[in-house]
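Quick notes on the structure that follows.
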Amino acid sequence: MNYHILAKKWRPQTFNDVIGQQYIVSAISNSLLLGRIHHAWLFFGIRGTGKTTIARILAKSLNCKLGISPNPCRKCSNCVEVEQGNFIDLYEVDAASRTKVEDMKELLDNIRYLPSKGRFKIYLIDEVHMLSRYSFNFLLKNIEEPPQHIKFILATTNLEKIPDTILSRCLQFQLKPINLNEIVACISNILHKENITYEIKALSLISQKSEGSLRDAITLTEQMISMGKGNITEKIVRKTLGMLYEDQILYILTTLLNKDLKNLVLCFKYISDTHINFENILVEILQLLHQISIIKIIPSIKLNDTKYSKNMQHAIQKIAELSNYNDIYLYYQTALLGKKELHIAPDQKISIEMTLLRMFNLNTKPIYIK
């Protein structure tokens, strides 16, 4: 039985299927429709946002037998071969594994020859920032004035490492992190097609953990399918990722705000006795303080229903009413500092306890919340 991982199985094959990058898709589509096709394109942004996917669709659009179009037919031999990864005129390489100038010379050795089958020869170089200085120099010579039948598509997660001489010769497109709601909608659609049951709260947690990377979210979803035996629940996600429930995070925060020493000791015991990702505790506290700050300044704003339950929303509004903004900001800064120190501390448990103690002892006015 052949199994296809979800990220590959449901990879977008047309521009219309691309999630969360509408302005880039629109710009590329207009370029293709107008026939204003640049010889070098650069896509940059965090992992899992669609750089390579868009590059492959662009390669397909440029070489479709029905003509250059933002809507390739997906039926001709060129389109099919691009999707299968064996199109003879698409040279796709990972620069991380081919950093030497000799590798670049070998790749571009036949650049002067016409395409064997397609309209253009396309060089798709992923993680291009990993190339050596000499490789960049050799690439520059070819990217300055390439033959009419050559197109370069570069992708990177680290724009700062690419020489300005390369950047100045490319059309540059920044792919933004995917919106939480768009990730939830995409995962939900995939799970419906896969006949997998789920809880919407579980998908929200997965989306938050992915930090804007759709591929990370889909990969994490696949892990949760296995953990939950085909049923993705909030409980499974929280247990797997070491995440607290919202009432537990609220309990820790109100203990700090109330300056309740007895409950602080209980918090320490709970953190010690359970298998929790310590960083998640501070991340959740930071997110909660952020929401409280927003409600404090803009009371009319609507909280995210996907992330917070009605009870939690009520608690956030109550804290915002009773608190002082400067105090909340001080708690936020202290928690943020604790998060930065977490990975350099000799013991993360000690680090989280020290951060909570620091927050507990801040010179702030207690807020009594039941």
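Indices start at 1 and increase along the chain as displayed.
Placed from the backbone N, Cα and C atoms, the Cβ positions cover glycine too.
Among the features that Swiss-Prot reports, ATP binding site is placed at G45, I46, R47, G48, T49, G50, K51, T52, with the record citing sequence analysis. Packing around G45 (ATP binding site) is summarised by its Cβ count: 22 other Cβ atoms lie within 10 angstroms of its Cβ, all protein chains included.
Look at Swiss-Prot and you will find C64, C73, C76, C79 tagged as Zn(2+) binding site, backed by similarity to another entry. Mapped onto three states, the DSSP output places C76 (Zn(2+) binding site) in coil.
If you measure from the Cα atom of G50 (ATP binding site) to that of C79 (Zn(2+) binding site), you get 19 Å. Surrounding the centroid of the Cβ atoms of C64, C73, C76, C79, where the record places Zn(2+), the chain contributes additional residues within 8 Å, namely K60, N63, K65, L66, P72, R74, K75, S77, N78, V80. Under 8 Å, Cβ to Cβ, and six or more positions away along its own chain, I46 (ATP binding site) finds T157, L175, P177, E211, G212, S213.
Figure note: comparing Cβ neighbours within 10 Å for the binding-site residues G48, G50, the maximum is reached by G50. Cα separation, K51 (ATP binding site) to C79 (Zn(2+) binding site), rounded: 19 Å. Residues F43, A155, T157, L175, S213, L214, R215 surround the recorded ATP site, their Cβ atoms falling within 8 Å of the Cβ centroid of G45, I46, R47, G48, T49, G50, K51, T52, which are themselves excluded.
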